[in-house]
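Novice: Below are the features listed in TrEMBL for this protein:
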- A:I101, A:S102, A:F133, A:P134, A:T135, A:D136, A:T176, A:D205, A:H208, A:Y230, A:W260, A:T286: pyridoxal 5'-phosphate binding site (BINDING)
- A:K231: N6-(pyridoxal phosphate)lysine (MOD_RES)
There are 2 protein chains.
Amino acid sequence: MRYSMINEAAARKLDSEDVLAHVRERFVIPDGTIYLDGNSLGLLTHAAQERVQQTVTQEWGQDLITSWNAHQWIDLPLRVGDRIGQLIGAATGQVVCCDSISVNLTKALVAALSVQTARGQRRHKVISTVDNFPTDLYMVQGLQDLLGKGNCELQLVEEKELNSTLTDDVSILMVTEVNFRTGRRLPIAELTRLAHENNILVIVDLAHSAGAMPVCLDEWQVDFAVGCTYKYLNGGPGAPAFVYAAERHHATMQQPLRGWMGHAKPFEFSNDYQPAAGIRQFLAGTPPVTAMVAVEGALTAFDHVDLKDVRDKSLRLARLFHDLLHDAGLTQMLQCIAPEQEAQRGSQLAYAFEHAYGLCQALIERGVIADFRAPNYIRFGFTPLYTSYHEIWLAVQIIRDVIATEDHLDPRWQQRNAVT
Amino acid sequence: MRYSMINEAAARKLDSEDVLAHVRERFVIPDGTIYLDGNSLGLLTHAAQERVQQTVTQEWGQDLITSWNAHQWIDLPLRVGDRIGQLIGAATGQVVCCDSISVNLTKALVAALSVQTARGQRRHKVISTVDNFPTDLYMVQGLQDLLGKGNCELQLVEEKELNSTLTDDVSILMVTEVNFRTGRRLPIAELTRLAHENNILVIVDLAHSAGAMPVCLDEWQVDFAVGCTYKYLNGGPGAPAFVYAAERHHATMQQPLRGWMGHAKPFEFSNDYQPAAGIRQFLAGTPPVTAMVAVEGALTAFDHVDLKDVRDKSLRLARLFHDLLHDAGLTQMLQCIAPEQEAQRGSQLAYAFEHAYGLCQALIERGVIADFRAPNYIRFGFTPLYTSYHEIWLAVQIIRDVIATEDHLDPRWQQRNAVT
């Protein structure tokens, strides 16, 4: 349903009816800022702020080394992992918080290859999409160069060709659920079903899904997944990522980054690596506690929040944004590159626009934070936990004003120096 | 020179003559605690505390995504790396702060193998010591299983056999400068010279050296090095580690964990990985900013500190500790396992003792924090930036008292549950 003729009062009314409106109080909202970039770096929560303060001042500062037991630092990666698991449809013991997406992807790729080998499958092809997030592709390329193409070979296809590519010579399908540029959401359940029909294992990158919409890894029978915590999970800049491995693979999978934290008996300091049971074996080195407690704190923002409500509000915010842009006569100039159908969308809208970089900078100057992606896209992220309908209304007024005054053409924006 | 008949006043006098005494003010010293475990987790500095607070509250909380440029988060790994470089004898552009030691070791191992391949060397043997820190060995084992023994094969030897093992069929010598149990310090300069005579590349783990003594990577011509920041560098629990690659290898080395942050042009989001020039190519994913700013803050504790003074005081503290223990008649019961010669020692002393675990626990209860290492060692770390001679004197009084009252035999300490 289209939003039409929404004025400021009507936008405020939408907020008054919003079941998630109260969750906004859990966040630190910067004055004078309309933040539409939670798909890149989520807002700070009061809980994360307090948790970091407490950990640094008391746990590290006063209790020091004893905190590994006294404050259960030692269980942090699994504890946080299980909490993330609740948001991505994973039963306990299958998710661990650690390292970066990139590093975790290497673990998942090697683990998946090892499962195929254990099954007697001699396949080496890894299928992914041409517009997957580049780092995901780089990790496969790194492995390809390390192992040789005979053991791991990346093949890139268009998203729409995926189904026809899932043939029985493929070892792994590696996809990102929501495309970082276009916001297109892939049908993971269906792709996994097709892949499994041909004994292909599925690795999913949830960077733009976790915390933005319901994800059902167990139900969809995904094999491995990775994701970051600094976007919709609000864990803080560069916060530790997570990795999921379906329980059915725990006994056979092997991952190469064998740190002491993933050992069955880490404190025996034995010379021979013996993987811990379950997902713990995906741990490598000592985790960055100061950063990980921020994630744990941030996740409390999801307490008593239904992800169906999050998804519902996400789509409404996006629809309102686009409809207001349309009413303002701007959707010819700004070409939406998101799929038409809402079910195929993530929690962002991206627009192709010749002056996307200038528009982005001019908006930032007026307190509307979006981001630019090369070559000519401006992305707006919608984060239902803290974004209000009124903010969407205001943002569109400001966009209209920038374009009317041609601020986006200001010579200051000629030099491109993108932020992440 | 032996310390003899040092009483409390004499210990205080040593403090009054200590050129590093003023540095203690840079640290948060917990009341009622004598902390002899800085070799496991260094104390909090006021600077790190303020830096984390500022980063969370202002940079993340208020400035959000713009902080990548506005607060130079984007340069953090190289900036912190260069500052660490100053402490380990590395000219700028050769050290980067990121990931964990374990993960960085994998990068260094593969990079070293790639340099050998580029030189036309078909060697696959990696020599290390039987009592190296286990995680280092696990990482090689992981690579061995991944690549096959024909491409990477770990061979373990005793420390004293190292010299004779450096023959021309060896690809990599991987050693830790200071042994985590015995505190024995290996002669890295000499080992590197011997290794290079046979075209063997050298990887050094500086976990127990960086910040504890002068390290001269460039001068010693070490090829690659890794280290952690949470021990003598006081970066906080599980803080990001560092990796060093000598500039002469930058053009040829290849590492497999190719994240977008290590790309030559990370913001072009190209599908093909092109490594950044220099040490930046060792970056993989987005770094944990909240944890890394703590490292940057903590490193200011080394401002205007000469590492020769640090080493000098470290040896004095250890000597005083051991001599007082000797004067108390305890060095028969507690068997020092450190090398006799101070030049061969790191910044800790470990003692074999049947009831090491109980002693460690009884001491913790009385505010003296040491640590236990299986099977029967108690370790005392000496951290010259914040440990006073008077604290050493007090610690030995307390040890004497625990043993006199047999508190270390308390049944509560029967169950072993070690901390890291």
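Cβ coordinates are placed from backbone N, Cα and C, and glycine is handled just like the others.
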Novice: Which whole-number value in Å describes the distance between the Cα atoms of A:T176 (pyridoxal 5'-phosphate binding site) and the residue listed as 'N6-(pyridoxal phosphate)lysine'?
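Specialist: Per the Cα atoms, A:T176 (pyridoxal 5'-phosphate binding site) and the residue listed as 'N6-(pyridoxal phosphate)lysine' stand 14 Å apart.
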Novice: If you measure Cβ to Cβ, which of the binding-site residues A:I101, A:T135, A:T176, A:W260 are under 8 Å from chain B?
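Specialist: Near chain B, the qualifying binding-site residues are A:I101, A:T135, A:W260.
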Novice: Anything within 10 Å of the residue listed as 'N6-(pyridoxal phosphate)lysine'? Look among the binding-site residues A:I101, A:F133, A:T135, A:W260, comparing CA atoms, and list what you find.
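Specialist: Neighbours among binding-site residues: none.
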Novice: Suppose we draw a 10 Å sphere around the Cβ of A:W260 (pyridoxal 5'-phosphate binding site). How many other Cβ atoms does it contain, all chains included?
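Specialist: That number is 27.
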Novice: As a test of the contact definition, list every same-chain residue at least 6 positions from A:I101 (pyridoxal 5'-phosphate binding site) whose Cβ is closer than 8 Å to its Cβ.
Specialist: A:T135, A:D136, A:D205, A:A207, A:V226, A:G227, A:C228, A:A241
Novice: Using the residues the record lists for pyridoxal 5'-phosphate (A:I101, A:S102, A:F133, A:P134, A:T135, A:D136, A:T176, A:D205, A:H208, A:Y230, A:W260, A:T286), what whole-number Å value is the largest Cα to Cα distance?
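Specialist: About 31 Å separates the two most distant Cα atoms.
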Novice: By a simple count, how many Cβ atoms lie within 10 Å of the Cβ of A:T176 (pyridoxal 5'-phosphate binding site), its own Cβ left out?
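Specialist: Excluding its own Cβ, the number within 10 Å is 27.
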Novice: Three-state secondary structure of A:H208 (pyridoxal 5'-phosphate binding site) from DSSP?
Specialist: coil
Novice: Using a 10 Å cut-off, grab the number of neighbouring Cβ atoms around the Cβ of A:F133 (pyridoxal 5'-phosphate binding site), all chains included.
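Specialist: Neighbour count, Cβ to Cβ under the 10 Å cut-off: 21.
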Novice: Cβ-Cβ under 8 Å from A:H208 (pyridoxal 5'-phosphate binding site), same chain, 6 or more residues apart: which ones?
Specialist: A:N39, A:T176, A:E177, A:V178, A:N179, A:F180, A:G183, A:K231, A:Y232, A:G346, A:S347, A:Q348
Novice: Under DSSP, is A:W260 (pyridoxal 5'-phosphate binding site) part of a helix or a strand, or is it coil?
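Specialist: For A:W260 (pyridoxal 5'-phosphate binding site) - judged by DSSP and reduced to three states - the answer is helix.
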